């Protein structure tokens, strides 16, 4: 059962200084005046009286913890990325944050983005109408976190820093605390943990560890803590789905790494990366092609970015077997590989063991900062540009793409629209919607050409190079035989049709 408890001001339907209660089949909401809640714990109410009594005995979030959650207000002037010399209208938006050790406030980078004279940030404590000026001390868009400083003894009086916990197990009950856009009331929403996985941080297009929770959340909750027991397990930063029922949380390992990096370095980048792309090696045919023994585990390198510390050391089609002596699983469990790398720091050296043409090699490689291929420009900073002869030259940034609604022009490509499950394609199920660029090293012109290349294969292995440098290898004769069986299984008359 989900519930949402809001504390801090009297409902507009209540004329007396009394709690007002709204109950529906799924959600129970309590709105209490601040005077009634100070020094008390938050309770929720259900139609079921027994359930209500049970909840009263074990309230979700202590009032002292709520005292440490603040509302964040940002006023900014945004620059146009298409015409970068122009400013757009002034914008005001907000979110949530909470106190951490060292008299600092932790929030999302997108809540206070920008570190220039055109950004003004203020914070307000729970139950207070006083806004205090805040300064962005540290910001990292790759993990969507920022640290604020407030130079006011009055603000910090009686406020305790919240403590961080560990990554929660699945189905753990959690509470989202923050200030949704619906009003100035602090709200507590109950939910459960539904997943822990590497995911996209949409604002920066980077991939780091995330926690997914089933809880109704809103934009103003961004930057607020997600709590279990008396510990913070993460910071809410994204919402998935039209019904706003799935919240995405930055977990404590990412938060701790950011805070430690902020204390140790003046640079914003704190997460390490090999700056390369890989794929799993579950399929027996591709394992045989790259001379992997049955007991060997590893992942195949598809592409190495020129900015990578592994550039000119590792090679495309190398198989990463281990990092610092820790085996890499063929299943490409991104939490164990990507998260392991990201928890190291830029310029830190790691020992990488690879399999190259059937032989093992080890190399020391320096990590680079986590950085997407397209530069993540702070949306409210003055963009870089150069004008000559009426041409405006700008770097391609994510904010430019967002402003311009940039789209690649349509071209005729051959893509894998579906993967029909069979032993022959085991391990390739996630290659759906990828473009086929080459067949056995020959660039694909169109669908007819792809058919000719496949049916004209004379080698033992059929190799398909896909977009994003993904590779697919099939035993040609086995694949031909499996094709007939798959067609018969799905009652498909022919493997080929043309307009």
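Note: Cβ is positioned from N, Cα and C throughout, glycine not excepted.
Not measured: the values here are computed from a predicted model.
The active site, charge relay system annotation in Swiss-Prot covers 110 (among others). Within 10 Å of the C-beta of residue 110 (active site, charge relay system) we count 23 further C-beta atoms, all protein chains included. In the three-state DSSP assignment, the secondary structure recorded for residue 110 (active site, charge relay system) is helix.
Positions annotated as active site, charge relay system by Swiss-Prot: 144 (among others).
The feature active site, charge relay system is assigned by Swiss-Prot to 222 (among others), with sequence analysis given as support. All chains included, 29 other C-beta atoms sit within 10 angstroms of the C-beta of residue 222 (active site, charge relay system).
The domain 'PDZ' annotation in Swiss-Prot covers 272-356.
Residues or ranges marked as region 'Serine protease' in Swiss-Prot: 94-259. If you average pLDDT over the region 'Serine protease' (94-259) in this model, you get 89.
Under the heading transit peptide, Swiss-Prot lists 1-24, citing sequence analysis as support.
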Task: Write out how many residues of the domain 'PDZ' (272-356) are helix, how many strand and how many coil, based on DSSP.
output: 15 helix, 27 strand, 43 coil
Task: May I ask for the distance between residue 222 (active site, charge relay system) and residue 110 (active site, charge relay system), taken between their Cα atoms and rounded to an integer number of Å?
output: 9
- prompt: Rounded to an integer, what is the Cα-Cα distance in Å between residue 110 (active site, charge relay system) and residue 144 (active site, charge relay system)?
  reply: 6
Message: Around the C-beta of residue 144 (active site, charge relay system), how many further C-beta atoms are within 10 angstroms, looking at every protein chain?
response: 28
